[in-house]
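**Q** Mind looking over this structure? Questions follow.
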Amino acid sequence: MKILCVEEDINLGHFVKEKLVKHSYVIPELKELWDQCCKSYKERLFVIQEAVAALDQGKLSPKQQHEAEAQAHTLIGSLGSFGLDKASEICRQIQQILQQKRASEKIQVEELKLLVTELEHYFELDESITSSVISPRLLIIDNETVLAENVVQEAISWGFTAQISTNLEKIEQILANSTVDIILLDVNFQNDITVGLNFLAKLRSEKPEILVVIVTQEDSFSTRLEVARLGVPCFLQKPIASTQILTILKEKSTQRHPSLYRLLVVDDDPELLKLVYKLLSPYGYEVILLAQPQQFWETLEQTNPDLLILDVQLFPTETSKNIRNIPLNGFDLCLIIRSDLRWNRLPILFLSAHTNSETIQRSFAVGANDFLSKPIVVEELQTRVDIRLQQRQTWKVAEIDALTGVSLRSKALQDLTRLLQQAQRRQLPFSLAVLDLDFFKPINDKYGHQTGDRVLSYLGQLLNQSFRTEDVIGRWGGEEFVIGMYNTTGQVSRERLTQVLEKFRQHLFTIGGEDSFQVTFSAGIAQSPQNGKDLQTLFLAADVTLYKAKTQGRNQVLLTASDYPD
């Protein structure tokens, strides 16, 4: 479990918000691009180092100071794009000091030297910190060869490593000698349902830690009942597309990793916050604690939690005829959330020592998903949290395009709006990319729509792997995608998307082991505020630039000019 804003010696009535989302490591998916860009970033750092040294000696020229400010400004967006939020904040502080007329004062010089020293650390990151996450290992036990092989081919782009086996002896060897995280099982893989169910029972007894998903043509109630009694969480009915299978495998595997879930706990009672931390600690959730409810909305948007835990009473009860003077409470926060389209499906769990029917009824009336009475029982709290998170994951899947694994248009539009507004409030850059596959219709015409779907599926998964969690990726329609990048300049966005294009066009799509082809895409990028301050204007600018990329030969990523639309 990560507790990101509480220390033993800190006044819990005032949390350090900067600790909520700061990272000190490069996002693994961006490691390759970081290696390519790091040299130029070090050159920018060197300019800053030289300026600070000159300032320390009283020899800093206005031109050198201006250049150092410009390099610090560039690094703010660049480092933030790689997940180095703390480094980005350091650059912002450096820029602010350099802009001050008092920059030459001794106290400011010493602060600059400390900041530069701290910044240098981020360019010397250990390889072990930026190493990639191990892919979940998938074993497919299915005698339907075509489906199994399709899953294996697509599994890599979904972050899995996969193999197929239907030989019981070989399966036993695999389970004994290597680690398997997930098994995709057809209980009729030996053409004998009894053999398959016996194997499943043995597997659940000896290897309960392995996630098992059933995919079969068997549809009898007795088979479903036996599978359910053996604790299998998912029963899929054939025929089913490989993309649908992988979408569900991704969902189910995510549910088994609590560290991927973020919980926000709001209460003005430090002792309660510490208690919740201790109770949830063994389960690996990332927990964010907030002791100042007035900062709730900012913290909510900054952390984007998967579940919210609220105390009904946040401040001592007071009575007032003036609504503005009534103290903030959990009911208020719940009403605020439910009135916002972006957050109205966020699971909310109420905690309260008041267990009378009126309090419970009001909790559900304002939109709570669950109610837990104090004193808190750890097993009950964890179970309630787990159930709500699973429901949350199911809702998320409903907002995901099953073919590509990225957000549907309506969901992407909501998230892009939120991200742009957040960037504008913090005066940070925001980039919007519109991407479209090149010559996609001829692929469908020549090879069929199933092959076209494979292309779309691969691109969707490549985009998911190549961008940060806080970035927004959506399928806008057909073969068109949009990508919103928070705290990312247009130039950095172009570099990142060009890297994706390079990987995409190198991928070989094979047809029946004989024919093969490659695909490219074109993209246009607009940035805020240079090209627009609202989503519609940015989209139009990016779309015009996309058209320009198409007319100039395709297979490229172009950045909208800063003087657009002049």
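Yeah, the Cβs are placed from backbone N, Cα and C, and that goes for glycine too.
All annotation found in TrEMBL is predicted automatically rather than curated by experts.
The domain 'HPt' annotation in TrEMBL covers 26-129. TrEMBL lists 137-253, 262-389 with the feature domain 'Response regulatory'. For 428-562, the entry in TrEMBL reads domain 'GGDEF'. Look at TrEMBL and you will find His73 tagged as phosphohistidine. The 4-aspartylphosphate annotation in TrEMBL covers Asp186, Asp311.
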**Q** Which whole-number value in Å describes the distance between the Cα atoms of Asp186 (4-aspartylphosphate) and Asp311 (4-aspartylphosphate)?
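**A** Per the Cα atoms, Asp186 (4-aspartylphosphate) and Asp311 (4-aspartylphosphate) stand 46 Å apart.
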**Q** Across the domain 'GGDEF' (428-562), what does the pLDDT come to on average, as a whole number?
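**A** It averages 92.
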**Q** What three-state class does DSSP give His73 (phosphohistidine)?
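**A** The three-state answer is helix.
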**Q** Count the Cβ atoms, other than its own, that fall within 10 Å of the Cβ of Asp186 (4-aspartylphosphate), considering every protein chain shown.
**A** 23
**Q** So if I measure Cβ to Cβ from Asp311 (4-aspartylphosphate) and keep only same-chain residues at least 6 apart in sequence, which ones fall under 8 Å?
**A** Val266, Asp267, Asp269, Leu272, Gly330, Phe350, Leu351, Ser352
**Q** Please state whether DSSP places Asp186 (4-aspartylphosphate) in a helix, a strand or coil.
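**A** For Asp186 (4-aspartylphosphate) - judged by DSSP and reduced to three states - the answer is coil.
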**Q** Compile a sequence-ordered list of residues in the same chain as the residue listed as 'phosphohistidine', six or more apart from it, whose Cβ lies below 8 A from its Cβ; state 'none' when nothing qualifies.
**A** Cys91, Gln95
**Q** Determine how many residues of the domain 'Response regulatory' (137-253) DSSP places in helix, in strand and in coil.
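**A** So the counts come to 59 helix, 23 strand, 35 coil.
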**Q** In DSSP terms, helix, strand or coil for Asp311 (4-aspartylphosphate)?
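**A** Asp311 (4-aspartylphosphate) sits in a strand per DSSP.
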